[in-house]
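Take a look at the structure set out below.
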Amino acid sequence: MKRMTAILAAALVAVANPAFAEPGVGEDTIRIGIFAPLTGSASIFGRAAFGAEAVYNEVNEKGGIHGRKIEVVREDDGCDAARAISAVRKLTAQDDVFLIHGGVCSGTVMAVRDDLERQNVPFVILGAASAGIVKPFKKNLFQPIPNSDVVATQMVDFAMSKPGTAKIALISHTDEWGETNSRVATEHLKKAYGLDISLKLALERSTTDATPQILQLRNAQPDFVLAMLYPAETALLVRDAHKFGMTTPILGNFGVSLEDTRDRVGDMAAMANFYTFYAYEPALSSAEIEPWTKMITKYFPDHRADTFSYEAMGGALAVIEALKQAGPDLTRDKFIAAMESIKDFQSGILNTPITFSADDHAGVNGGAMIAYRDGKPTVLKTWSE
Amino acid sequence: MFAQLVASGLVQGSIYAVIALGMTVLFRSTGVVHFGYGAFFMAGAFAVYVFSQVVGMAFVLAFLAAVAVLVLVGMAFERVLVRPIVHGPHVTVAMMTVAMSYLLTGVARFFWGQEVLRMPPIVDVPPIFVGSIVLTAQDLLIIAGCMALVVAFFLFFARTKLGKLMQAASQVPRGAALVGINVPGFHMAMWGVVAGIAAVAGTLVAPVTMLYPDMGAHLLIKAFAAMTFGGFGNLGGAVLGGLLIGLAEQLAGFYISTALIDIFAYLVIIVVLIVLPNGILGKKEATRV
């Protein structure tokens, strides 16, 4: 009799409060899993994890969402697909998270996205920018950052916003990332402006010298150089361009930070002709970005905030917004529906609003460039700005 | 244009040559092919960085301290990790050097996993213009450092009794031991010496490549190509191979395709192994029976 009463009581509780049955949702907690490269050569990009976690901590300090505090479980994937699969399995099976806000490397995201789709676990991308992540469309997967298509398009548009631009050169890695970015930029330049890339060059990873590339660029005299390169090779290109007196503007990709490039090049004069994609509203080192930096360092005092630290903060704020909209009886389906209802969401950190719909989960469709002007990082939407 | 490519090729080639040189010295004196040498080179660069940028030592002192530390590390690795297995199959020792590489890289990743650090140039002066050729002071130091090491080791092995003794001990260790030579002691000393060379190479090259835990892996392949091209175990061959690969990369990259630069070292290894198995300066080994 006692056993029967206990079963009935449990069933009544479940019916009265169905949210408790949802994985990762407790009476006073919502568990979110984060995975990113926290160690290894790609860990500079993993800084995005700390920005996202700082947003969640800040929300907790202000009382949480519908009486629940966010509990973050953080895993290191080392930008390695096999480790990412293990990390995500742990997050879903052992830690029982409600949603995953993770993935900085496109390869790791690709490795886990089908598994998460099968489990219907909401998957919000932390920083992986490949446009291929949201193609084909997956109901549970959201990309609240500018993806590679948006970035390549913005780089071309910025170059073409300079009056008289007629010759654009492109230098890229020959891997899938570099080729995809190059293809999007080439197609956009042709379609929107009727121009072809005037010179296409390769610069491989871990190269220590860019003399042949710079000499070819100097000969071709393009108006702009689009650099579809990772941070180290971008710095190498900027450094060697300065060494050989090349003054053609070089446009860097999303994964390249202005500050980091300056530190690697070690010469402000070399940065005079360098611009890089920028996703944020406030400029680096400005008073406007200071509150965001303080939010991160408040919870992670040893963290040296830079461009990548802010990358996932807009996405985290979108997650918070969707959790609020989903209401106290939180389910994964309600959360996904709430994410899809987010329109023109001004995060305050991203310079382009986040918009999702029922058939488009690429949430950020714009951006800007950033460069040093009078020694200060300055955000530029167009060349003449 | 051609002159600039040649100058840049010599600088790049010197980087490959100096790493190939260290590996060749160890191979000639101990018979070990050191697959972990890229990690030693990385460790040398990080040691200079720590002593100069973290501890705050003057550059010359930091450099000397880094060389001393690497010499000790090299000797310790030989004593603890190599000597117990040195009489086993060659592949066992080779795998141990791979393990050393992972160990050192892992330690570096533990401390600097998130960073690609900038190493300030040894001499911070504006680039030097020689006609139409642009060279930095660091470029000149790399070439000069490489040449100095080559000459020093050539003289050591060819002109000194100790150098000749070491080569003899390497070729016939049992015979050397029978006449009272401390062969393990020699080997330990040479592990220390080549680790010291790695510190010198790291110091010269890090301002160009920047500092990160995996910095040695890429250059190790180029160094192997240089050794293969020049003739495995030949000091002059290692240096000549390095310089030729550096030159060929630059010229092929400019006149044919920039996509060729990175695969050139691999092409060299394949072609040389098929066409000229002993390399440019290597001699066919003959054993008198």
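Cβ from N, Cα, C; glycine included.
The transmembrane segment annotation in TrEMBL covers B:6-27, B:34-51, B:57-77, B:89-112, B:132-158, B:189-212, B:224-248, B:254-276.
The transmembrane segment (B:57-77) shares more Cβ pairs under 8 Å with B:189-212 than with any other stretch in the list B:132-158, B:189-212, B:224-248. Stretch with the most C-beta contacts under 8 angstroms to the transmembrane segment (B:132-158), considering only B:6-27, B:189-212, B:224-248, B:254-276: B:6-27. Using the rule of three or more Cβ pairs under 8 Å, pairs at least 6 apart in sequence, the transmembrane segment (B:224-248) is not in contact with the transmembrane segment (B:189-212).
Residues 15, 18-19, 21-23, 25-26, 29-30, 34, 37, 40-49, 63, 66-67, 69-75, 77-78, 82, 112, 115-122, 138, 141-142, 145-146, 149, 166, 219 of the same chain lie 6 or more positions beyond the ends of the transmembrane segment (B:189-212) yet place their CB under 8 Å from a CB of it. Within the chain carrying the transmembrane segment (B:6-27), a Cβ under 8 angstroms from the stretch's Cβ atoms is held by residues 33-34, 37-38, 40-41, 130, 133, 135, 139, 142-143, 145-147, 149-150, 153, 190-191, 193-194, 197-198, 200-201, 204-205, 208-209, 219-220, 222-227, 230, 232-235, 237-251, all 6 or more beyond its ends.
Listed as Cβ neighbours of the transmembrane segment (B:254-276) (distance under 8 Å, sequence separation of 6 or more from its ends, same chain) are residues 1, 5, 221-222, 224-225, 228-229, 245, 248.
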